[in-house]
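Contents: one structure, followed by commentary.
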Amino acid sequence: MDSISATERYRRGPLAVVRFLGLVLLGAVIGAIASLFAVGFVAAVLALNDLLLISPRSRMMFDHPGLLVAITIAVPTLGGLVVGLVHLAIPERRPHAPADVIAAVQTRRGRLPVRAGSLSALGALVSLGAGASVGQYGPLVHLGATLGSLGARLLRLGRSDDNITIACGVAAAIATAFNAPLAGIVFAHEVVLRHYALRAFAPVAAAALVGHVIATNVLERGALFHVADTAVPHPWEFVAFLAIGGLGALVAGAYMGTLLGVTRLAMRLTLPPPLRPALAGSLLGIAALWVPDILGMGQETLRFATIAGAFGSGELLLVLVLKIAATGLCLGMGFGGGVFSPALVIGTLFGALCGSLVGQFSGAPQETFVFYAVCGMVAVTAPVIGAPLTSLLIVFELTGSYALTTAALASVTLASPIAAQLFGHSLFDIQLESRGLDLSAGRGRAVLRSTPVVELLTEECVTLRPETPVAAAVTALCQARHGEGYLVDEQGRYLGCVGLADLEAAREATAGDLRVGGVVRLARSVLAPDTSLWDAMEVLQDVTGEALPVVDAEADDAFLGVVFESSIARAYLAHSDELRREEHGTG
Amino acid sequence: MLSWGGAYERAQQAALFAPYTAATGRPVAVEQYDGGLDELRRAVADGEVPWDLIDMTRSEAMAACEQGLLEPLSSSLLAPAPDGTPAEEDFLPDAFGRCAITHSVFATVVAYRTDAFPGRRPTVIGDLFDQRRFPGPRALQDTPAVNLEWALLSYRVPLEELYRLLSTRRGLDLALERLDELEEIQWWEAGDTPPRLLAEGKVVMASGYNGRFFDAMVNRGAPIAILWDGQVQEHETWVIPRGSPHPEAAREFLRFATTTERLADLARHIPYGPARRSAAVRVTTHAETGVDMRLHIPTHPLNAERALVKDETWYARTLARIQALFRDWRKSRESREPE
C-alpha cells in the first residue's frame, strides 16, 4: 500500500503541475503543426481541383465542351491509377484511416507509422484532387494523429501521453477544417480517446484552440448554412425530425453496407490493385457526365440541397442513390479519402428529400426547409462516424443557430442508437472488427485482446525428458521449488505436463526405475504465442495449476516456455490500473 | 477620351479634365458610352481608333486585354504619393493589370424610394426579389452581371461560395428562376437611367452605380436611399486602346489623373473609393454640398460589410456564354409576357 501512496504523491505537487503544463504546451505546438498541415492540405486539394478542371468554377471557365467530356473521364481514371500505385508503397497496401488511429489509441499501442501516414495523405490528396467521391476530413484526422504520434515519439513520451498527443493532432485537424474548436475537442474524446479525463482534456483543448485561431486567420470560409431569422419550426415538425433520425439510420446503414460490400467485391476482382481505383474513377467520370453533382467532395451539391426548390424530389432521390454508389465505389475500390464529407452530402440530400415530401403532402410553405436538410445530414453522419455529440456541435458552431441544433438533436436521438443496434457503433468500428479488433466491449477488453501473452513468457520452469527417471524428476522439481514439470522430447516438442504429487506417488508405488514418460499427465491447456491476454484469462478459468505452457503449433509443437498464472493476473491488474489512471487522472 | 457620361463625367470634368487643361493647355474631348467592347473591337479591326484613353470596368478591360484590343501599361508611369511612397505600394494590391490601371472602386447597388414602403425598409439584398413585402416595379441593368449574383444571394448562400455555385447549371437556373419571379422589370443601359426612373417614381427599386444615386440624392434631393447589402464592388480602370492616335499624350494624362491629389479630388465630386491609400485618407466633404463623402464611399467599412467583389477573371472567361444564356432567358420571358 505504501508504494501506491508514494506514486499518488508523485502525481500531485508542483513537479506534476510543471509536467502537466508541458503537456498542454506540447498539445498547442502539435495543434499548430497539425493545423498548418490541414490548411496546406485543403489548399492543395482546391488548387488541384482548379487545375484538373474538377471544381465547377474551373469547368465553367474552360470553354471547350468536347475536351471537358474527355477530361471528366480521364482525370479520375488517371488519378485512380496514381493513387493505386501510391498505395502499393504502403506495407498493408491500403491507405491508413481514422480507424487505424482509433485502433492505435484503444489498444494503447499509440504509434502511427510516419511512412504509411504520409503516403496515405498523398493518396488522399490525389484522390480528392482528381475528383473522387471521397471526404477530406478522414485524411486530415489521420494526418493530424500521425503528427501527434511523431511528436510523442521524438520526445520519447509514455503510452498515455502519446495517446493524448494523437488526440491533440486529431482535435486540431477538425477544429481547423470546420473552424469548430468545440467539435474538435469532442471528436477527439468521443471517437478517438473514448473516455474523458482532465489530463487529456487540457492539451486537446489547447490544440483545438490553436487550430481555430489559425483557421480563422488563414481560411476564410463562409458558414455552412444560413438560416432565415424568422424560420422557427412548428412543434409538429419535431416529430418529422425524429422520423428523419430513424430513417437516417437506415440510410447510414445503406451507405456503410455499400462501402463494405464494394470493398469485399474488390478483393475478389482479378484486376491488379492499382487498376481498381482507376476503374472506379472511369465509372465515376462517365456517371458525372450526366449527374455532375456526384463528383468530388460535393460542397456545391450540399449547399444546393439546403435550398428549397433547387432539386426536384425525383432528382434528390437519384443524386442520393448515385452519391452512395459513387462513394462506395471510390472508397471500396481503393481511392484514399474519408467517409465524412460524402456522408454530409448524402445526409443533406436525404433530409432535403424528406423536407420536400413533407412540403408536398402538408402543403406548408417551405420556410423551415433547411431544418430538414440539416436533420438528415446529422442523422446520417452521426451513426457513420459514431459521434452524435460531435455532429451536433459541428452544426452549432457552423450555423450559430440554437434552433437548428435542437432540431438536429431530435434526429440524432433516434439515428445513433438505432444504427448502433442494427449495424454497429460506427463504420470505423465495423472496419476494425473485420480486422479482428472488437471494440464493442470497450477499451479494457480491446487492450487485453491486443496484448499477446508471449510478452509474459518465461523459461524459468522445469523441463523434463520422457526418459528421465522419476526420482531425478522429483529432485529437480523440489530443488527448483516448482510443483509442475513440462515434458519435452529431444527435438524440443512439448509432450505434456506432470505434477510433483503424481511423480511422488508414482515413485512410491513402483520403487523401480520408472521414467517420467510413464507418469499420468495433467490435463492442461496450452497457449499459442499469439494468444491474447484476454484469451489466456478465459483459459485460466478452467485450470488449477501454477502456469500454462506456450507451444508453437506452427513450429512442430515447439515448447517456448510458460506463463505463470500470477503474471497473467498481475498484467491484468496493471493494465486495468493504467487505464483507470488514464481515464480518471486529473493531471 | 471615352467615358460614361452623366454625374460621373461631370465629376471627372471638375476633378481631372479641367485641371489637366489648365495645367497643360491641352483640351480634353470626351465621348460617352455605356460599357461593352463591341465598338472598340470594330474600331481596332478597322484600324481607325478615335480614342486615346478609355475609362473601363476592370472585367471588360481584362477581356479586352486578352483579345489584344489594348496597349500594355506599366505601373512605372504612375506618380509616387506626396510622401514619396512608390505607386506600387500606395495603390490597392490588385490595382495593376497587364493593360489596365485601377483608379477608383465603385459599386453597383440597389436604391429604393424612401416613400414606397411605409413602415419598412429593405435591409438585405433578398428584399429586391420580395415583392410581397416590397411591392412595385424594379429597374435592373440589362446585363447578366450583378443580377445573377443578387438573385443567387437571395437564397442566402454565402458570398464566398457565390461564383462556385453560379458555375453550375443548377445555380444559374436558380438565379434565373428568382429573376423570373419579378413581375415587372424595366431594363436599363445608361447609368443615369435608374436614378431618373426612381426619381420619377416609375420604379420603386433599381440597381445602379452608387455615384449616380448619390448625385440624385444629394445634388437633386431625390427621395431615395441606398441598400448597401450585397453591393458589388468593381474596379474602374484607365486603358489605352491599341492603335490610339496619341498614346504618349494618353500616358501623360493617365499619370496626371492618378496622382493622389486628383484621385482625392475626384472622390469629393463622386463617392467612388480612390485606388490609392494616400488619396483615400484625404477624402473629405462633397465639393458643393459639404456632405461627408466618406460615408458614401463603397469601401467604407460600414458600407462594405457584405460587399461582393466581382469575380472578374470568371467574367472575362465566361461572359459570352453567360450573356447568351441571359439573352435566351430574356427572350423566353418576353414571349411569355402578355402583350
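Heads up, the Cβ atoms here are built off N, Cα and C, so glycines get one too.
Noted in TrEMBL for the protein shown:
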| type | residues | note |
| --- | --- | --- |
| TRANSMEM | A:20-47 | transmembrane segment |
| TRANSMEM | A:67-90 | transmembrane segment |
| TRANSMEM | A:116-137 | transmembrane segment |
| TRANSMEM | A:164-188 | transmembrane segment |
| TRANSMEM | A:200-219 | transmembrane segment |
| TRANSMEM | A:239-262 | transmembrane segment |
| TRANSMEM | A:304-326 | transmembrane segment |
| TRANSMEM | A:338-358 | transmembrane segment |
| TRANSMEM | A:370-395 | transmembrane segment |
| DOMAIN | A:457-514 | domain 'CBS' |
| DOMAIN | A:519-578 | domain 'CBS' |
Checklist entry - At an 8 Å Cβ cut-off, counting only pairs 6 or more apart in sequence, do the transmembrane segment (A:239-262) and the transmembrane segment (A:164-188) clear the bar of 3 or more pairs? => result no
Checklist entry - Residues sitting near the transmembrane segment (A:116-137): Cβ under 8 Å, six or more positions beyond its termini, same chain? => result 41-42, 44-45, 48-49, 51-52, 54, 75-76, 78-80, 82-83, 86-87, 89-92, 95-97, 143, 145-146, 149, 173-174, 177-178, 277, 280-281, 284-285, 288, 294-298, 323, 326-327, 329-331, 335-344
Item to check | Non-local residues, at least 6 beyond the ends, that sit with Cβ under 8 Å of the transmembrane segment (A:67-90) | outcome: 52-54, 59, 96, 115-116, 119-120, 122-123, 126-127, 129-132, 273-282, 284-286, 288-289, 295, 333-336
Checklist entry - So, do the transmembrane segment (A:304-326) and the transmembrane segment (A:20-47) meet, by the test of 3 or more Cβ pairs under 8 Å (sequence gap 6 or more)? => result no
Next on the checklist: Given a Cβ distance threshold of under 8 angstroms, which distant residues of the chain, six or more beyond its ends, lie next to the transmembrane segment (A:370-395)?
Outcome noted: 98, 174, 178, 180, 182-183, 186-187, 190-191, 225, 227-228, 231, 233, 237, 240-241, 244-245, 247-249, 251-253, 255-256, 302, 305-306, 308, 339-340, 343-344, 346-355, 358, 401, 403-405, 407-412, 414-416, 418-420, 423, 425-429
Checklist outcome for this item: Near the transmembrane segment (A:20-47) in space but 6 or more residues beyond its ends, with Cβ under 8 Å, are 55, 121, 125, 128-129, 136, 139-140, 143-144, 147-148, 151, 155, 161, 164-165, 168-169, 171-173, 175-177, 199, 202-211, 214-215, 218-219, 587
Item to check | Residues of the domain 'CBS' (A:457-514) by DSSP state, where helix covers H, G and I | outcome: 22 helix, 17 strand, 19 coil
Checklist outcome for this item: The average per-residue pLDDT within the domain 'CBS' (A:519-578) comes out at 84
